[in-house]
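Some features that TrEMBL has for this protein:
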| type | residues | note |
| --- | --- | --- |
| REPEAT | 87-129 | repeat 'ARM' |
| DOMAIN | 227-462 | domain 'U-box' |
| REPEAT | 294-322 | repeat 'ARM' |
| REPEAT | 377-419 | repeat 'ARM' |
| REPEAT | 418-442 | repeat 'ARM' |
| REGION | 541-604 | region 'Disordered' |
| COMPBIAS | 589-604 | compositional bias 'Basic and acidic residues' |
| DOMAIN | 618-755 | domain 'EDR1/CTR1/ARMC3-like peptidase-like' |
Amino acid sequence: MCLGAIEPLSLLISHEDKIVRRNAVMALGVMASNNEVKKHLKCLDVIPAIISKLSPEENVMVHEFATLCLASLSVDFSYKIQIFESNGLEPLIQLLSSPDPDVKKNSVECIFNLVQDVQNRAAVQRLNGLPPLLDLLRSEFSVIQQLALHTIEKITTDTETCVAFRNVQGFERILEVVAMKEFSDLHEGALRVILNCLEDTESMQLFQTMGGLEQLLQCVGTSTVAEVKANAVKAIAKMAQSSENRKILHERNIEKTLTDLLTQENESVRTAVCQAVATVSKNLSSRDTFRSLDGIRPIVQLLNSEGSELRMAAAEALSSLTNSNNLNAYAIYDAEGDRLLVRQLQDSCTGAAVYAAMALTNMASQEELRKSILAHEAMPALVELLHSTDNNILISAVQAVASLTCDAEARQELRNVGGLSALVQLLKSINAEIRRNASWAISVCANDEITASELCNVGALEILQEISLSSHRSNKFSQLALQKLLDSNLSLKYSLTGHLSSSDITTDGFYDPGQIRVGHQFPVLEDISKQVVNQHRATIAVNGKPQNQFIPKGPEEGKQDSPTDTTASSVLNGRRSSKTPSKTKGKGHKEEDEKKKEEDECKPHQKIMVEETWSLPYDAAFHNLVKEAAESIMPLKDEVKMYTALAMLVCDAMGGQVEQQKLHDFLWELHISELKFEACSNIVLIGKIKKGTYFHRALLFKVLADRIGLSCSLIRGEYNRAWNEILIMGPKKAYGYSQPESYIIDLMHQPGNLMKSNSQAALIYQSI
């Protein structure tokens with residue numbers, strides 16, 4: 001090259017004289033292996049001329065050195081493009097059938113280099129390159145077999161090529177290689193080809209009918225090469241993706257084979273075995289078999305491995321083994337696997353953390369296991385994962401949180417470690433699966449009032465309301481989460497939806513600030529109590545709990561003040577009576593007073609806290625109504641009479657019967673304003689209302705019915721209307737059974753009158 005031979009040689013390869021051409025090609029072919037020569041040839045555009053020497057008219061010697069030249073040049077990406085664009089693949093494939101082994105070797109080596117590029121893989125299949133490549137597997141030269149096998153392995157990563165491989169009896173040829181001990185050096189590559197081609201059901205069925213599964217099991221049992229075992233196990237795992245094949249594998253006692261392989265020292269073998277266990281365990285019987293063979297404990301121990309891929313595979317196997325199998329979950333617990341799985345949540349390997357969370361989710365179905373998992377500080381680790389940017393981690397972590405928060409203690413821990421805020425933020429995710437799982441977790445967490453309240457405080461309600469308005473983002477889980485949050489706060493539910501069902505049981509502390517629109521802030525009762533009296537609608541509150549149970553007492557108060565001795569104004573503003581016990585004490589009480597004084601001085605902060613705590617005042621009138629309802633209505637046996645009697649009681653308490661034509665003379669608004677002014681508050685206790693309209697009476701009927709065990713719903717209408725719906729069993733049908741019928745009960749005009757919900761009278765009652 002330094003003497004300037006490259007350029008004239010590149011011209012002489014096209015010389016008229018055959019001998020000159022042959023010698024020029026030989027010289028250039030040998031020199032092309034040098035890197036400097038390769039660089040120099042790029043400037044000469046020599047590829048088309050070399051490819052032209054692959055024609056059948058040229059002799060074998062020219063073919064040998066022309067293919068040698070192309071094999072040397074084809075390792076360079078730019079030369080690959082030139083060979084492809086110059087249509088070099090087709091003559092190279094034709095030369096795979098050459099009688100000369102050197103030509104075959106050079107041609108297949110060149111093709112192997114070319115198929116590293118995706119477009120060339122598809123081109124080999126289109127040019128019918130698979131049959132001659134498969135024929136080369138029978139070559140007497142090992143290097144040709146290896147190159148052909150590696151080429152087939154590469155091109156079968158293409159889906160269309162896999163189909164063509166099946167159609168040209170590719171499995172048959174590959175299984176021939178696997179079956180022959182003298183081809184043991186080809187077994188590893190042959191198994192990788194099988195792995196590539198077992199992607200579709202048809203290929204798996206064909207492979208099974210040809211005895212492929214038996215060959216794989218034989219490789220696992222007899223081969224001494226670790227990589228061969230690993231690839232055979234991987235192929236078995238591929239086969240096990242079919243439910244029918246899983247049954248066959250179970251009948252062949254594959255669980256015993258895989259369990260025995262767990263004792264192998266080679267990490268790639270154990271990794272492949274764990275992956276196979278994960279797939280095989282989709283068969284219910286196989287899960288139990290692995291446990292009976294004590295195969296779970298060694299998999300648990302693999303969680304301690306240094307290799308991240310092996311740890312991930314072990315966690316994947318455990319997640320599959322525990323799927324709907326409580327006995328396997330306890331087997332992992334007995335092997336202290338819960339502790340290792342919790343530790344793996346913090347693994348730097350994303351897959352390891354994902355599968356660990358999945359396994360913990362499966363185990364958390366059992367109360368004892370949940371407690372053990374939480375004791376190993378799983379909740380802080382999961383909350384940390386909720387801040388991940390990986391979708392798979394987020395989905396598995398949220399599912400684990402949902403499974404673990406079945407208990408109040410777990411929900412408290414989730415609150416303590418700040419998990420609720422992170423959970424709520426996931427509702428904003430653009431990933432639908434993340435939103436669904438976050439909604440499910442929130443619906444579980446909302447099972448207690450404290451957690452539900454905190455979820456609302458961090459914005460869960462507003463986000464779920466926004467989602468509910470979107471046809472694309474709303475789903476059953478988000479609807480359930482919203483419903484759960486509302487069920488945990490019936491005041492909010494009634495204010496937002498205008499409906500309380502018979503299963504929504506009101507309690508002391510319930511209040512009705514009126515209808516609010518979606519997206520608007522729901523007022524808190526304590527905040528309402530601090531507002532200056534205004535012209536807006538009064539908030540109706542319910543509290544029949546005696547004052548000594550509702551408002552904490554300071555240490556200096558020796559007895560309960562009478563409800564009538566405390567003004568509504570002072571209680572509504574969170575103040576207690578300033579009365580103090582008499583200071584006239586006997587001599588014998590001095591030591592006790594001094595001791596009490598010291599205790600009071602030691603607890604100044606507690607005193608201040610107690611004095612500043614706001615509480616809803618006791619409604620003595622409502623308490624008496626509850627007592628009267630229980631005494632007069634509960635003894636009645638007939639269901640209709642009970643509802644009628646309660647309606648009469650509500651009507652009498654709220655100002656009596658009012659004729660529809662004289663509603664304008666029933667000045668209930670003035671009465672409510674007087675109560676607000678008297679109490680110096682926008683909150684009116686329901687028992688103090690002596691002139692109540694439709695919505696006051698319907699609310700009182702609902703809260704009284706809930707306390708004496710009568711079933712009814714509360715529905716808000718428009719223009720200060722509200723009503724109660726009750727279910728009364730209808731007459732027996734011809735077949736001897738009856739169905740409940742829905743009625744609206746009149747509380748205003750004809751107290752106790754029952755109107756069928758779809759009747760004209762009911763519609764009139766619900767409207768102006």
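The count begins at 1 with the first shown residue.
The backbone N, Cα and C atoms fix where each Cβ goes, glycine too.
A quick note: this is a predicted structure, and the numbers were derived from the prediction, not measured.
In the predicted structure, the repeat 'ARM' (418-442) carries a mean pLDDT of 94. Mapped onto DSSP classes, the repeat 'ARM' (294-322) shows 23 helix, 0 strand, 6 coil.
Residues in the repeat 'ARM' (377-419) partition by DSSP class (helix H, G, I; strand E, B; coil) as 32 helix, 0 strand, 11 coil.
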